[in-house]
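Student: If you scroll down you'll find the structure; I have some questions about it.
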Amino acid sequence: MAEGFKIDQKHGKGRVRVSRVWRRVGGSGAGVGNVIVEWNVSVSLASDCLPAYTAGDNSTIVATDSIKNTVYAKAKECSEVVSMENFALLLSRHFTTFYPHVTAATVNIVEKPWERVVVDGRPHSHGFKLGSEKHMTEVTVNKCGALSITSGIQGLALLKTTKSGFEGFVRDRYTLLPDTRERMAATEVTASWRYSLEHVSEIPAKPFCFTERYEGAKKVLADTFFGPPDVGVYSPSVQNTLFLMAKAVLNRFLDIASIQLRMPNLHFLPVNLSSKENPDMVKFADDVYMPTDEPHGTIEATLSRTLSKI
Ligand SMILES: O=c1[nH]c(=O)c2[nH]c(=O)[nH]c2[nH]1
């Protein structure tokens, strides 16, 4: 209680940019060569430092500058390549064990997608280029070791030129959109899934299991969106495709408890141009479109398992 008020508070450091290079000697073969990660790390600590708010007494504050320094110190201590989920776990476990009065720590990391380049068909030992979609994670650990781990993808841009339609929707005096069974489908998926792990004792020993899941989930999401390469799969709405994508991830990966997908509908508007003199200047025949992301449809859902863990 703070002078008859209730206060919820936490503090930390946002957007700590850190890059870690692991220098491995050798040529350019699989598993050889330098490894680089670039992470944007945010840390938030729950701790009992009420007097700082109510009485100007800072004696229990872990300075956010020290929090930032810890990110670099822990990156330095990682002598072996570490996944961003494992780094977030390591950091949050540090904060909750090192400081007696820190009751919980949340660590967010977004990775910049540096990808090893391939030159003359061979992976380069120390050359990287920037990819597109980003891997992110949020880990919360409390003092008793209870935890939650969420991982996800930002900015997974997907498009197909056909096998999409939208019909049978509410039709009223505000409706102009015609029914269609032929349109483009484009979106930029933001996905975030929660692992069913609930305690630090359940953390898998396998070093890159979270990285593997990330790659696996990304592939399942994209494959479900597109369907088989030759025939694709018909999408009656973004909503239905979103549901099938989320369901495919939960069916494939039993260690994922729930998944949230946000899929803006990025419109490719049919172009028809005409004037009195030139009525058929551009007559739309599923060929010329005006791409636009403003405004766009916003479609999102979270899918969870209804059966609790046995
Ligand atoms: O797949 C779609 N879902 C909608 O909810 C919607 N609304 C709209 O105008 N076009 C679309 N397309």
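Residue numbering: from 1, along the chain as shown.
The backbone N, Cα and C atoms fix where each Cβ goes, and this holds for glycine too.
Note: TrEMBL annotation is automatic and uncurated.
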Student: Thr64, Asp65, Phe166, Arg183, Val238, Gln239 show up in TrEMBL as binding urate; which entry in Asn34, Asn265, Asn272, Asn278 does that record put in the same site?
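Tutor: For urate, TrEMBL names Thr64, Asp65, Phe166, Arg183, Val238, Gln239; of Asn34, Asn265, Asn272, Asn278, the listed one is Asn265.
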Student: Should Arg183 (urate binding site) be counted as helix, strand, or coil on the basis of DSSP?
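Tutor: Reduced to three states, the DSSP call for Arg183 (urate binding site) is coil.
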Student: Inside 10 Å of the Cβ of Gln239 (urate binding site), count up the other Cβ atoms and send me the figure.
Tutor: 16
Student: Nearest to Gln239 (urate binding site) by Cα, among Lys13, Thr64, His267 (active-site residues)?
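Tutor: Closest by Cα distance to Gln239 (urate binding site) among the active-site residues Lys13, Thr64, His267: His267.
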Student: On a simple 10 Å Cβ count over all chains shown, which one of the recorded positions Thr64, Asn265 is most densely packed?
Tutor: Asn265
